[in-house]
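J.: Below is a structure I'd like to ask you about.
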Amino acid sequence: MQDLIVQKYGGSSVANVERIKRVAGRIIETKEKGKKVVVVVSAMGDTTDELIDLAMKLNANPPSREMDMLLATGEQVSISLLAIAIQAKGHDVVSLTGAQCGIITSSVHKKARINDIQTYRIEKELAAGKIVIVAGFQGVDENRDITTLGRGGSDTSAVALAASLKAELCEIYTDVDGVYTADPRVVEEASKIDEISYQEVLEMASTGAKVLHPRSVEMAEKFKVPLVVRSSYNYNEGTIIKEEVKMEKVLVRGISLDENIAKISIFEVPDQPGIAFRLFSALAKSNIHVDMIVQNVNRTAVNDISFTIDVDELQEAVSVAQKFAFEVNAQKVEYDQGVAKLSVIGTGIVANAEIASKFFEALFELGINIQTISTSEIKISCLIDKERGKEAMVHIHKKFDM
Ligand code: ADP
Ligand code: ASP
Ligand code: MG
């Protein structure tokens, strides 16, 4: 759609009345430039965390369907308040929940995927000249049950809408000026990246840089959505994310740290064909995403298998692992929440042996033990002690002179 801009405002940008007013003003500025505007908003401030805490006080293992019902209310509060603020400034506006604007998802609660967006309602409102405010992070499945897209999922709502409506631009407004070489709240010297490729930012997002939801970047790349990350607090130019980015001899683009992971180890698993298949297909059936995998070869008839998962899925993953261990007669299952994954990201990293050695040297200089290493074309990751994660990130950022 010509002249259409999709803007997404994160939780901190709408955390209180003053900020909601400011965001309302910013949306109106865009509208007054002659653009059609669709806005996606997250829940105010820490609302989502607070709702989760409430549920956990009632039930240590709350049903996923009810969690989605609960968490989706956070975004419903912010869309209505933002619409009320915009209306107060004299502009036509309508707020819509995920269901109302036809965001149809899979039925996997707490991590649903968008399958389709039936855009006619949004198109009708835009045609009537209204600003459309959409609740991020939520949709409905084919039974009309409310679903959510995983923590940070409002970014994905925004990109999906931009793709379906063929917007000219999708702007992600947040509390930092753009994508940095490392989390600017941890690494003081981190610098803002002016332009970055979808692939590089996808690796950063998938390895813990929470500035963008990984799925949103995947979708932006797939549908070639022009994406910008910028601050809602100022007018600084943000980070442009696109297909090709000119290389200025920089190999390492960014460093990220994922502290939201856990390691599960299964000891003395019989050394037989089909064992890994059995374990990882059971995890896949439970929709548990497995990241790093190591199998220690014991030179006996048994091996130890370790893997990392998202900490939110720990309970479920441990129960799958325990069931598997019992069935194959493994010795025991242990888990460890005291781990973090530190990654260096950049196109061509793996082809350059010096980068890995510098990364490992930096960890050695701090006396940090590497538990697991994994690599891809554009990334090297190490699993380390969580307590030393931030310190390691700061040191490596210096070492690579970013
Ligand atoms: P929002 O509520 O706007 O979605 P998030 O908290 O999800 O905001 O994401 C923004 C935060 O991401 C920043 O405050 C910053 O601390 C963190 N972050 C982590 N890694 C990076 C990075 N490489 N560049 C920018 N921000 C990062
Ligand atoms: N409110 C949701 C969360 O806190 C979604 C989002 O902010 O993107 O995870
Ligand atoms: Mg976010």
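Even glycines carry a Cβ here, placed using N, Cα and C.
Keep in mind it's a predicted model, so treat the numbers as computed, not measured.
TrEMBL feature annotations, pasted as is:
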BINDING   Lys8, Tyr9, Gly10, Gly11, Thr174, Asp175, Tyr180, Arg185, Lys210, Val211  ATP binding site
BINDING   Thr48, Glu75  substrate binding site
DOMAIN    264-338  domain 'ACT'
J.: On the Cα atoms of Lys8, Tyr9, Gly10, Gly11, Thr174, Asp175, Tyr180, Arg185, Lys210, Val211, which are listed as binding ATP, what is the maximum pairwise distance in Å?
T.: 21
J.: Which number gives the other C-beta atoms within 10 angstroms of the C-beta of Lys8 (ATP binding site), all protein chains shown included?
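T.: That number is 28.
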J.: Distance between Lys8 (ATP binding site) and Glu75 (substrate binding site) at the Cα atoms, whole Å?
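T.: That separation, Cα to Cα, works out to 12 Å.
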J.: Could you tell me which of the binding-site residues Gly10, Thr48, Glu75, Thr174, Tyr180, Lys210 have their C-beta within a distance under 6 angstroms of some atom of ligand 1?
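T.: Checking each Cβ against ligand 1, the ones under 6 Å are Gly10, Thr174, Tyr180, Lys210.
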J.: Near ligand 3, which of the binding-site residues Lys8, Gly10, Thr48, Glu75, Thr174, Tyr180 are found, taking a Cβ distance under 6 A to any of its atoms?
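T.: If the test is a Cβ under 6 Å from any atom of ligand 3, the answer is Gly10.
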J.: How far is it from Glu75 (substrate binding site) to Gly10 (ATP binding site), counting Cα to Cα, in Å?
T.: 10
J.: Relative to the Cβ of Gly10 (ATP binding site), which residues of the same chain, six or more apart in sequence, are found under 8 Å away?
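T.: When sequence neighbours closer than 6 are ignored, Gly10 (ATP binding site) has Ser42, Ser154, Ile172, Tyr173, Thr174, Asp175, Ser232 within Cβ distance under 8 Å.
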J.: By DSSP, what is the split of the domain 'ACT' (264-338) into helix, strand and coil residues?
T.: 29 helix, 29 strand, 17 coil
J.: To the nearest whole angstrom, state the Cα distance for the pair Tyr180 (ATP binding site) and Thr48 (substrate binding site).
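T.: About 25 Å separate the Cα atoms of these two residues.
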J.: Would you mind checking how many other C-beta atoms are within 10 angstroms of the C-beta on Thr48 (substrate binding site)?
T.: 23
J.: For the C-alpha pair, I'd like the distance in angstrom between Thr48 (substrate binding site) and Lys210 (ATP binding site), rounded off.
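T.: Approximately 15 Å lies between the Cα of Thr48 (substrate binding site) and that of Lys210 (ATP binding site).
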J.: Going through the binding-site residues Lys8, Thr48, Thr174, Tyr180, Lys210 in sequence order, which have a CB under 6 Å from an atom of ligand 2?
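T.: By the Cβ criterion, which requires under 6 Å to ligand 2, the hits are Thr48.
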J.: At a 10 Å cut-off from the C-beta of Lys210 (ATP binding site), count the other C-beta atoms across all protein chains.
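T.: Around the Cβ of Lys210 (ATP binding site), 16 other Cβ atoms lie within 10 Å.
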J.: Does DSSP give Gly10 (ATP binding site) helix, strand or coil?
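T.: Going by the DSSP assignment, Gly10 (ATP binding site) belongs to neither helix nor strand, so it counts as coil.
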